[in-house]
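One structure is given here, and the rest of the page talks about it.
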Amino acid sequence: MASGNCTTPTTFILSGLTDNPGLQMPLFMVFLAIYTITLLTNLGLIRLISVDLHLQTPMYIFLQNLSFTDAAYSTVITPKMLATFLEERKTISYVGCILQYFSFVLLTTSECLLLAVMAYDRYVAICKPLLYPAIMTKAVCWRLVESLYFLAFLNSLVHTCGLLKLSFCYSNVVNHFFCDISPLFQISSSSIAISELLVIISGSLFVMSSIIIILISYVFIILTVVMIRSKDGKYKAFSTCTSHLMAVSLFHGTVIFMYLRPVKLFSLDTDKIASLFYTVVIPMLNPLIYSWRNKEVKDALRRLTATTFGFIDSKAVQ
C-alpha cells in the first residue's frame with residue numbers, strides 16, 4: 001500500500017526498447033523509415049478515397065477511418081519512441097503519460113470496433129445484396145462511425161480512471177517504450193486490484209463483442225458463399241473478405257495476447273515485442289493489405305496519377 005505522504009511523480013522515465021548504445025541509431029533509422037511509410041500509405045489512402053468518386057461507398061468509408069486510426073495511434077506512440085533512441089534521459093511528463101495512454105486506448109478501441117463494423121458491412125453486402133443500398137446508406141455509415149468513436153471514448157475514460165487511481169511512491173521507471181498499463185501496474189505502490197478489474201472488464205467487453213460480431217458475420221458469409229454455384233461468384237465474394245480477415249487476425253491476435261491475461265502472467269520483455277508489432281508494424285501493414293489485391297484501389301490510384309501528372313492511361317479512364 002502507498003504511504004500517506006506519497007506524492008505523484010512529475011515525470012516518468014521510459015526504459016525504451018533497449019539500453020544497448022550501439023543499437024540506438026540503427027533502431028532509430030529503422031523505425032523512422034517504418035513511421036514514414038505508415039504515414040505516407042495511410043494518409044495517401046485517406047486522400048485517395050476522399051477524391052475518387054468510385055470509392056465513395058460504405059466499405060471505403062470504413063477503410064478511410066481505419067487508415068485514420070492507424071496513422072493516429074502510430075503517431076501517438078512512435079515519435080516519443082524515436083526520441084528515446086536519441087535522448088540520454090528518456091523522460092515523459094506525468095500528464096503526457098496519461099494523455100498518451102488515453103489517446104492510445106481511444107484509437108485502438110476505435111480500430112477494434114471498426115473491424116467489427118467492417119465485418120457487418122461485408123455480411124450485408126454478400127448475404128443481403130439487394131437490400132445493401134437501403135441498409136448501408138452513407139448516413140448510416142457515418143452514424144456507425146460516430147457511435148464507435150463515442151464508445152471508444154468511454155472505454156478510454158474507464159481505462160484512464162483505472163490508471164489515475166494508482167500511486168507511484170517507490171519508482172517512476174516504466175519498463176516500456178510508451179506508457180502502457182501493464183508496466184505501470186508493475187511499478188504501482190498502491191493496490192492494482194480495482195484498476196486491473198476495470199481494465200480487464202472494459203477491455204474484454206469491447207474486444208470480445210467485436211470478435212463475436214466478426215465471427216457471426218463470417219458464419220453467415222460462409223453459409224451464403226457455399227450456396228453460390230458459380231466459381232467466379234465464390235471467388236469474388238471471398239476475395240472481398242480476405243484483406244479484412246488478415247487485418248482482424250493480426251490485430252485481435254496481438255491484443256488478446258497482450259491484455260486479456262492477469263498481470264502476474266505478463267512478461268515485459270515479451271510484451272515489448274508484441275506491443276511493437278501492433279503499435280508500429282500493423283499500422284504500416286494495414287493499408288498494404290487492403291490495397292495489395294484490390295482492383296478498385298489500384299484503378300483509383302491510376303486515375304489520380306493520370307489527373308495529377310496530366311497523362312492519359314487507358315486503364316485509368318475506364
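Cβ atoms are placed via backbone N, Cα and C, with glycine included.
A quick note: this is a predicted structure, and the numbers were derived from the prediction, not measured.
Which of Cys6, Cys179, Cys241 pairs with Cys97 is settled by Swiss-Prot: its disulfide partner is Cys179.
Membrane sidedness, as given by the topological domains in Swiss-Prot, is identical for Thr7 and Thr270. The Cβ neighbour count for Cys179 (disulfide bond), using a 10 Å radius over every protein chain in view, is 23. Long-range contacts of the transmembrane segment (27-49) within its own chain (CB-CB distance under 8 A, at least 6 residues past either end) are made by residues 17-18, 55-56, 60-61, 63-64, 67-68, 70-71, 74-75, 78-79, 81-82, 85-86, 280-281, 283-284, 286-288, 290-291, 297, 300-301, 304. The Cβ of Cys97 (disulfide bond) has 23 neighbouring Cβ atoms from other residues within 10 Å, across all protein chains displayed.
Remark: the transmembrane segment (58-79) makes no contact with the transmembrane segment (206-226), by the rule of 3 or more CB pairs under 8 A.
Between the transmembrane segment (206-226) and the stretches 101-120, 140-164, 240-260, 272-292, Cβ pairs under 8 Å are most numerous for 101-120.
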